[in-house]
Amino acid sequence: MQIEQDKDEDVATHTFEELRRQWIKKYNLSRENITKLLQDYGNLKENGAKPTWSYLNSVYFVLQLVTTIGYGNITPQTSSGQIFTIAYAIAGIPLTLLALKSIGELVNIALRTITRPLHIKFHTIQCDEHICDFAEKGNLGINSVCLILTWIIVSAASAHLEPERSLISIVYSVFVTYSTVGFGDIIPFENHQYVFMISVLPGLSFMSSLIDSVVAYMEKRSIMNSTRCVKLANCLSGKRDARITTDGAQQDTEVVELRVMEST
C-alpha cells in the first residue's frame, strides 16, 4: 500500500513539474508565480467558495421559506439553523398564506368595483339576478387571468438583467415562482435579488386572487345547477299533480253522468 502511494505521489509530482514547465514556456511566467497560482487554485477547490450571509440574503431566504417556493439555493447547514427553520416555517407559512388570501380577496373586490359599471351596462337589462351574478363572477375570473398574465410579462420584461437566459426561460421561471412550484432548475433574478423581492409578493397575491375568483365561479355554478334541478323537479311534480287532478275530475264527471242515467 505504501509503495502504491509513493508511486502516486511521484506521478503527481512529475505531472506538476511538467505542467509548470509548459506554462513557463507558453506564458513566460516565473516558477514562483505558477507555483502560487496552482496553490491558490488547490486551496479554492478544496475549501470551496464560501457564500456571504447578508441581510439581503436573509430576506431572500425568508421569502422562499414562508411562501413555500423553496428553490433550494439557500439552505440551513447547521443543526441550530435547521431547528430555527422548522419553527419559523410552522409559524410563518400559515400567516403568509392567510395574508395572501386576504390580499387576493381585496384585489378581487377592487377588480369588481372597477368593472361593475361595464357589467351593469351590458348585462343587467338582459339577465335576471342569479344569471347576472354568475356572469359577473365569470368576468372576474377572466380579469384575474389577465392581471396575473400582465404581471408575469412585466416581471419577465426585466430579462435584460440576465441576458444569458432566453425570454421563454424567464417567463417559465417567473410562472413557476408565482405558482409556488419552485423547481429550482431556473431561478429568476438570482443575481438581482431585490427585483425578486419586489415582484414576488404582488405576483403571489394576484395568483391568490385568481384562485379565489375561480373558486367563487365554480361555487356559483354549482348553486345554479342545483337550483335548476330543484326547479325542474318542482315543474315535473306540478305537472304530475295537475294530471292527477284532471284525471280525478274526469272520473267524478263520469260517476255523476252514470248516476243521472240510472235515475232516469
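Using N, Cα and C of the backbone, Cβ positions are placed for all residues, glycine too.
All annotation found in TrEMBL is predicted automatically rather than curated by experts.
The domain 'Potassium channel' annotation in TrEMBL covers 50-107 (among others).
For 148-219 (among others), the entry in TrEMBL reads domain 'Potassium channel'.
The transmembrane segment annotation in TrEMBL covers 53-71 (among others).
Nonlocal intrachain contacts for the transmembrane segment (83-103), taken as residues 6+ away from its ends with a CB within less than 8 angstroms of a stretch CB, comprise 62, 65-68, 76, 204-205, 208-209, 212. Annotated transmembrane segment per TrEMBL: 83-103 (among others), in sequence order.
What TrEMBL lists as transmembrane segment is 166-188 (among others). Using a Cβ-Cβ cut-off under 8 Å and counting only residues 6 or more beyond its ends in the same chain, the transmembrane segment (166-188) has close neighbours at 64, 67-73, 148, 151-153, 155-156, 159, 196, 199-200, 203-204, 206-207.
Taken from TrEMBL, the feature transmembrane segment applies to 194-218 (among others).
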